[in-house]
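These notes are about the structure you will find just below.
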Amino acid sequence: MISTYEPASKKIRHYSANACLLPICSLYGAAVTTVEGVGSTKTRIHPVQERLAKCHGSQCGFCTPGMVMSIYTLLRNHPEPTAEQMIAALAGNLCRCTGYRPILDACKTFCKVSSDDRSAGLCPLVENSWPLLVFFPLKVSTRLFSTDEFQPLDPTQELIFPPELMRMAESQQKRALFFHGEQMTWISPVNLDELLDLKAAYPKAPLVVGNTSVGPEMKFRGVVHPIVIAPARILDLNVVKFTDDGLTLGAVCSLSLVTDVLTNAISELPEEKTKVFCAVLKQLRTLGSEQIRNVASLGGNIISRKSTSDLNPILAASGCMLNLASRVLLPDTFMSALLSDFAQGEYVSAFRQAPRRENALPITNAGMRVLFEEGTDIIKDLSIFYGGAVSTTVCAKQTCWTLIGRHWNEQMLDEACRLLLGEIALPGSDSGEKVDYKKTLMVSFFYRFFLEVLQSLKTTDPCCYHGIPMEYRSGLQDFKTKMPQSIQLYQDIEPSQSPQDPVGRPIMHQSGIKHATGEAVYIDDLPSVDGELSLAVVTSSRAHAKIVSIDTSEALNRPGVFDIITAHDVPATNEFYYSDDPEIIFARNKVICVGQIVCAVVADSDVHAKQAAAKVKIEYEVLEPVILTIEEAIKHNSFFEPKRKLEQGNVDQAFETVDSIIEGELCIGGQEHFYMETQSVLAVPKGEDKEMDLYVSTQHPAIIQEMVAASLGVPANRIMCHVKRVGGAFGGKLLKAGLLASVAAVAANKTGRAVRLILSRGDDMLITGGRHPFIGKYKVGFMNDGRIRAVDAKYYINGGCTPDESVLVAEVSLLKMDNAYKIPNLRCCAYACKTNLPSNTAFRGFGFPQSALVTETWITGVADKTGLSPEKIREINMYKEIEQTHFKQKLDPQNLIRCWNECMEKSAYYSRKTTIEEFNKQNYWKKKGIAVVPMKYPFGLGTRYLTQAAALVHIYTDGSVLLTHGGIEMGQGIHTKMIQVASRELNIPMSYIHFCETSTTTIPNACASAGSAGTDVNGMAVKDACQTLLKRLQPIISKNPKGTWNDWIKEAFEQSVSLSATGYFRGYNEKMDWEKGEGQPFTYFLYGAACSEVEINCLTGDHKNLRTDIVMDIGCSINPAVDIGQIEGAFVQGIGLYTMEELKYSPEGVLYTKGPDQYKIPAVCDIPEQFNVSLLSSSPNPYAIYASKGLGEAGFFLGCSVFFALRDAVTSVRSERGLTKTFVLNSPLTAEQLRASCADAFTEMVIGRWGKGQSISG
């Protein structure tokens, strides 16, 4: 939070900002408050920190300090904010773990709400809510936290603005400021004359206010500006002035200030005077985030001339006047903008469409204005401006000129659309964006403007103008983000359970408070080691090429550079052969993907290392072929071995006996893990015996130890790997973390110094790969009554350039492809394609989210063909009794049926479906859709040794317990659950038990924390260790049953009873015989069902998630708060895969989407407005710790219920428009794809496809 004092008004302004963009020089005279200053465990925890933790709003914790600061800043300005203000404050914050619901629950406790709504952890029950107790004969609970525990928010106890800064602001004579750095000088003038003199002296120097344009250029493109001029302190550029001509706004006014000024003006001035204000304000509300708008300036947005400016089109269309100044002939300094009043008969509007509704650059935007001849609908003047079309804002001059004199009617509309498409030529794009969508948006925006003006004309003169049909009116409304409502239901503990026994209770994450105070330590928080060096990697710019030469001379001469590390510096293993193709630390003679590590620079700082890395010159000789896609891999027969196949029944014979057959193909894009903490390593040589400490953000310390030891040529016992916590992983920190740790370790070994490697977000996305892109080809035979008799499917996954886990992912996609359905005759094959992309790897769900989406797609295809509803096809073909899967494992689907039935009933599916059908009849440009999807998720890793686990428990003489095990805390709450297990087994309070870290020094050879197995296997090991200790203590307890825990421990020590024990779990007896196509690869099954409802805008392809109801069978929950959070977080991550997260590559294999600017994960605006989760009661699991189930991955697939709800809405659109041809929707189902599927006269103009006769306005 930045706080500034204005001497003239005597006011203090608090605002949030992104630290990565904020130049330190711009903070002269400002007070900066970070999360550490808000509160700490050493002093006082602030209510924001407390509530975020106790409401379970923190999982991995890496994003939590940012959440705290956004909420805290809002509360400093508005101690009782509205829900709308709270939602806006969080629009710029991303979380990959929680699904946002628990964060918003914490936020609601600060918002203005009625007393009835303050029930603890239970949001207000809105229309169509669940009947809470209908389905549960047992006691259910909805309380995940208690508001009674919260300390009140007391604004009088907040930090005061530093008096010395106040005195400085009031007493100091304003003067120009000069800050000199290593590469640049920052100059901050105080008046216009100084500014103009500086621009004359340094014409190429940029003017920087918010640094939202220049900052990214310097950071991501390496642009260096020797002189930077910061005009923010010049009063003439901060002007806000209302005159008879309109509103004058100074160039350095922040966009937040402009928003406030316009909001106030709209509430106070007559409507006809604020038309422009309303249009500009509409764009401002979704421009960036509050953190961006707080620092970004009006002038910067205008003068940068970017095509993505949301303001320039509307300002240009509305005739905004710019006031410029200069010392030279051409004006080069923007001073202010004048927003003029409008005349009678003048209308203005602004439009935008982005990959995400908030905090995303637009794909296309527009500003439009029309002036009519007085008392008529004849166009006197027309302005149409577009952004996002070409390199800057563009005006459709010819179109506007041609249309003057036309009546505002359908003939004009048709002519206008064709003129616009002819006039504004969109160049073909290399960045993967399809031009057709932008063209469709251009004409769709104009049509929307056409409707708005028609409706306004009717309001002005109802007698002369008819307005627009009722069913079109919803198309005039944009989707708004509302504060979500939610219900969480779980089975309460038995009344007989001991109050001290924490199992089954919604216990707060053990690190939750530390997450919220910023005290939780991640790799980059570790203090610098004496002599520590920073490492930056140099990566390949070619997808497949021979390395001709590496020139490091210029890099070595850069300041602070210590050395450059290549494959020649690896003492032993550089290539790891876990299969036929190796995993590689440093490229040696050739590169096999863009982003492969060729060498690394070590320097005295991260900045120096990165600057030098940019100076390494690599000469390549391109090799053929360059294979990037699955289709190219198939063409070149490029696969990793082995290929896998499963078959049951007689498929060919079954196809001969069915009534109908459908065939199809589904493409599913990849997905970036986007864990909040990027790949991070600190390697510290110990100085003797070749020992080395490694602090790594990883899911698998043992593989780190193994790979580093092999690369250095030392025994594993010399390498100690430590993991305190991981800031998110989702499968992305297994093998990749081992390779990166080896890079750092080799550098540390060569230099003899500690080496820190923290990947930037862009490098992380470029280097590490993600979820496998997937193509499913299917042939399905079925009867007219909906029974599916035969399926023949082929799955192709894009493995990238090395094997990693690709064959295993392919195997899992086969084993889990049936989802919830009994298919009597089935043949399925899976191929892992070898391509020249960065190697793809494990990701939550591990192949199941892709293969099951293909299954659900052909389920809906059968529904289309038979005329039955998708839910009927699902019910007809669902497993119903104890039977075998297609790999001959026994299955009891009782809980699958229960989940399905409860979800259908809780969601009121059939009544809502009827309501939706009625809505769709009454609305032409908006449609709703609903879908319900079942899930069977097998649990297991296929091999016994992969699920073994160990634990170590020490009891100290003061009675405190130190617990360690092989599991990794990455947000899933495993340490919290393990302490719950130990607390129950030892019958002591959780407060007695501490977990320090996961380390190879305490637990050797631990398996990876993956496949949702962490709690299952480590819980068994912890239980075993505790029972061993309790058995030793039993004689002492028996002799003194009324003694205390401390008495017993003291006596045990005095009797020389060992107070340390290891625990061990051999693993589940899982096996699979691929030769026979049968086995028991899984230990048990999780079940679930999700019903989702959406609404789409047919003109733009935008959509809103209205409601989701989830019912999950997870056995007996050890911690309902953690488990429900895992379900919700996985579900929202699934929404990302299936509807919005899109990886784009160039034809040369270069990743375009290398950061949050280009790659959009779900934000607060994307979660369902009503989000209900229920845990199935009375469903104990006999195979796992305390009858629980491992659930981290299972909920992910349920996100596809949104995908199929969108498909349902599109089906309604196409049915209404007479489009009977089968259509395919691929994943992710983005706005672009939705718009193209909602074919109409506008898409016909662009791509030439349309259905039955329909006029352009309907």
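Positions of Cβ are set from backbone N, Cα and C atoms, glycine also.
Straight from TrEMBL, the features:
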type     : residues                         : note
ACT_SITE : Glu1193                          : active site, proton acceptor
BINDING  : Cys20                            : [2Fe-2S] cluster 1 binding site
BINDING  : Cys60, Cys63, Cys95, Cys97       : [2Fe-2S] cluster 2 binding site
BINDING  : 207-214, 297-301, Asp310, Arg352 : FAD binding site
BINDING  : Gln699, Phe730, Arg844, Gly1011  : Mo-molybdopterin binding site
BINDING  : Phe846                           : substrate binding site
DOMAIN   : 179-358                          : domain 'FAD-binding PCMH-type'
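This view paints the features noted in TrEMBL onto the structure.
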residue : record                          : Cβ within 10 Å
Cys20   : [2Fe-2S] cluster 1 binding site : 10
Cys63   : [2Fe-2S] cluster 2 binding site : 23
Leu207  : FAD binding site                : 24
Val209  : FAD binding site                : 23
Ser297  : FAD binding site                : 30
Gly299  : FAD binding site                : 24
Asn301  : FAD binding site                : 27
Gln699  : Mo-molybdopterin binding site   : 26
Arg844  : Mo-molybdopterin binding site   : 27
Glu1193 : active site, proton acceptor    : 24
Round to the nearest Å and give the CA-to-CA distance linking Cys63 ([2Fe-2S] cluster 2 binding site) with Cys20 ([2Fe-2S] cluster 1 binding site).
14
Given the recorded positions Val209, Phe730, Arg844, Glu1193, which lie close to Cys97 ([2Fe-2S] cluster 2 binding site), meaning Cα to Cα within 10 A?
Phe730
Residues with Cβ closer than 8 Å to the Cβ of Arg352 (FAD binding site), same chain and 6+ apart in sequence?
Gln283, Thr286, Asp310, Pro362, Thr364, Asn365, Ala366
Between Phe730 (Mo-molybdopterin binding site) and Phe846 (substrate binding site), what C-alpha distance do you get in Å?
10
Just to confirm my parser: what is the rounded mean pLDDT across the domain 'FAD-binding PCMH-type' (179-358)?
90
For Gln699 (Mo-molybdopterin binding site), identify the closest of the binding-site residues Cys60, Cys95, Leu207, Asn211, Phe846, judging by Cα separation.
Cys60
Can you tell me which binding-site residues out of Cys20, Asn301, Phe846 are within 10 A of Gly1011 (Mo-molybdopterin binding site) by Cα, answering none if there aren't any?
Phe846
Counting other CB atoms within 10 A of each CB, which of the binding-site residues Asn211, Ser213 comes out lowest?
Ser213
Quick check: of the recorded positions listed here (Cys20, Cys60, Cys95, Arg844, Glu1193), which one has the Cα closest to that of Val209 (FAD binding site)?
Cys20
Listed recorded positions Leu207, Asn211, Glu1193, filtered to Cα within 10 Å of Arg844 (Mo-molybdopterin binding site):
Glu1193
What binding-site residues among Cys95, Leu207, Ser213, Ser297, Gly299, Asn301 are found with a C-alpha within 10 angstroms of that of Glu1193 (active site, proton acceptor)?
none
On a C-alpha basis, identify the one among Cys20, Cys60, Phe846 that is nearest to Leu207 (FAD binding site); the candidates are the binding-site residues.
Cys20
Taking the binding-site residues one at a time (Phe730, Phe846), which has its Cβ surrounded by the most other Cβ atoms within 10 Å?
Phe730
Are any of Cys20, Cys60, Cys95, Phe846 (the binding-site residues) within 10 Å of Gly299 (FAD binding site) when you go C-alpha to C-alpha, and if so which?
none
What residue among the binding-site residues Cys97, Gly1011 has the most other CB atoms lying within 10 A of its CB?
Cys97
Restricting the comparison to the binding-site residues Cys20, Cys60, Cys95, which residue's C-alpha is spatially nearest the C-alpha of Asn301 (FAD binding site)?
Cys20
Which of the binding-site residues Cys20, Cys60, Cys95, Phe846 has its Cα nearest to the Cα of Asn211 (FAD binding site)?
Cys20
